[in-house]
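Peer 1: Mind looking over this structure? Questions follow.
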Amino acid sequence: MKSLILAEKPSVGRDIANALNLQQKSNGYIEGKQYIVTWALGHLVTNATPEQYNPSYKEWNLEDLPIIPKKMKTVVISKTNRQFKIVKSLILDKNVKEIIIATDAGREGELVARLILDKVGNKKPIKRLWISSVTKKAIQEGFKQLKNGNAYQNLYEAALARSEADWIVGINATRALTTKYDAQLSLGRVQTPTIQIVKSRQDEINYFKPEKYYTLSINVDGYDLNLKQQKRYKDKKELELIEHKIKHQEGKILEVKGKNKKSYAQPLFNLTDLQQEAYKHYKMGPKETLNTLQHLYERHKLVTYPRTDSNYLTDDMVDTIQERLRAILATDYKSHVRDLISESFSSKMHIFNNQKVSDHHAIIPTEVRPSIEQLSQREFKIYMLIAERFLENLMNPYLYEVLTIHAQLKDYNFVLKEIIPKQLGYKALKDQTSSHTLTHSFKEGQLFKVHRIEIHEHETKAPEYFNEGSLLKAMENPQNHIDLNDKKYAKTLKHSGGIGTVATRADIIEKLFNMNALESRDGKIKVTSKGKQILELSPSELTSPILTAQWEEKLMLIEKGKYNSQKFIQEMKNFTFKVVNKIKSSEQKYKHDNLTTTECPTCGKFMIKVKTKNGQMLVCQDPKCKTKKNIQRKTNARCPYCKKKMTLFGKGKEAVYRCVCGHTETQSQMDKRMRDKTNGKVSRKEMKKYINKKEEIDNNPFKDALKNLKL
């Protein structure tokens, strides 16, 4: 009898097989004497679509809503049906005595495995592998500490409740809004509040009026002492009056006080912090950073589990620090690493905190030594960010003295603050500057003459627009960006980690760009006209993060076995009735700001111009029609002169390729150039790839709503 191991994806399945020395490879699984390892391909099973409950739901009709199934159904995803059949046959195999769930250790990973087991009708005992990295050592250690599957039943119930609630609310809200206003509109408990967060910041900036204010400083022996102000001076004349009073007067040093302080490095990375840092340094988008991290985690085995919300490590990891350091010897920081290897580390260090680690600890390097030449440029950059932060947190704190000098001139007090480094500590990793000392030694009671008096003009600044990095942080802390009437929800949002999860926020932002609710220009994220209308047309409950706070509060209770998941689902059904009825009874109108005078060749209605990832296309304004045609799109065809990608206008024989440098080619000229380049041997596949024929309506909510809507 053997144990069947169910991994989340093939790469992890292969890692487990390698760690357990399973060598007999078959189609969809790998076998050994004691174990068989198989895998999902992400989700193999998902929630059924509305039309799978009732074929009449294929047509979107307002009167059919809300669609509330008595019992939620699941279906096998058609494109992964072949792998599902393999997994099913292995689960039901008489020679398999138990199932070991080895999907990602978290709410969503639990859902991936349990939906498969439930669909198959598994009755065999379940065990759970719970690990944070997929190195050989971590896997082998994990198999020595397998947990009983029952210990994770509440986690599964919370995951299932979240999935079903998102389906019920998301499908109905999206269909209600779309059919009510005859427009492709999408709602969700995470995406709609995210639009609101951006809108609130945009309004703040638009309504901001800069104000001038003034400060005064005196110069004593080359050092500027600032006037201690009880208020902000908006009238320059007030400071000019003070200047007149203190001019040519003698001052006195009242106090010279030094205070020793220390600061630690910024915390170890969780996913959101790392995505922010990658955007700040390299302008890498959140999705790009996550994909790069996945490669470092799965393919190269260089970092621990990426989808974590923790900045800390558990106490039992203290013994793994040395071998992780030895791996980093392959980087340019080897001299610092050698110094650290000779030290001993304690679980009392600030980076260790069991209470602040739930599913996964912070992202840190594994014990695998990197082959730098095998990493892509992006992989190298992200790995180095993680390695640097890890090293900084193991190094000594930065020690410095804050020297404060208080002085008096007439009836006015002045202050000078100087930071004097004592020990660079972790700052030495990137900063080799020497300690700074004051060249003038101020003493208490010392009298001085003022060398210069200056009045400085300042202006208040508007807050900055969100970029992809800062928006992630705002989603993590929405209570800081939206006015919440009830302060208790601010606490809940802070405790639950905001709206969305570390794993889904990047997808949410990308989806909002694709559906044209948000746009980014020069790194500044703004709400489009469509986004503003979505907020105006949506029930207020869906524009506030309070709904997510309430959900998350209850989902966490379900995880702990303190709340009934079925009660939660019933509450979501009641909420959905309320939302749909509000939309149905609304008298507001939706205005297409991108309506053209081009008639739809299918139904005759005017078409809408929409932006896609690769260009622009025309889409029929009637969601039921679905007619679309390309206006222009970026291709992979390179200009023969400046080598930039060319844009395709039109189609067929009338198609024209244009470059920003002014070069133009017809379709026949492009075809000839392609043939000449490859001596006439151009496969259909290569041609397709070259001009990127894929046509897609990027802001279409239908496919998301009907397939695997993630709100």
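Keep in mind that glycine also has a Cβ here, set from the backbone N, Cα and C atoms.
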Peer 1: Pick from 186-191, 444-449, 486-491: which range does Swiss-Prot record as region 'Interaction with DNA'?
Peer 2: 186-191
Peer 1: Determine, from DSSP, whether Trp167 (site 'Interaction with DNA') sits in helix, strand or coil.
Peer 2: helix
Peer 1: By DSSP, how many residues in the region 'Interaction with DNA' (186-191) are helix, how many strand, and how many coil?
Peer 2: 1 helix, 0 strand, 5 coil
Peer 1: Taking Cα-Cα distance, which of the recorded positions Glu8, Trp60, Asp104, Trp167 are within 10 Å of Arg175 (site 'Interaction with DNA')?
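Peer 2: Hits: Trp60.
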Peer 1: Can you break down the domain 'Toprim' (2-135) into helix, strand and coil residue counts using DSSP?
Peer 2: 50 helix, 33 strand, 51 coil
Peer 1: With Glu8 (Mg(2+) binding site) as the reference Cα, tell me which of the recorded sites Trp60, Trp167, Arg307 is the closest one.
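Peer 2: Checking each of Trp60, Trp167, Arg307 against Glu8 (Mg(2+) binding site), the shortest Cα distance is to Arg307.
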Peer 1: Arg175 (site 'Interaction with DNA') has how many other Cβ neighbours within 10 Å of its own Cβ?
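Peer 2: There are 29 of them.
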Peer 1: Quick check for the class: what is the C-alpha distance, in angstrom and rounded, between Trp60 (site 'Interaction with DNA') and Trp167 (site 'Interaction with DNA')?
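Peer 2: Rounded to the nearest whole number, the Cα-Cα distance is 16 Å.
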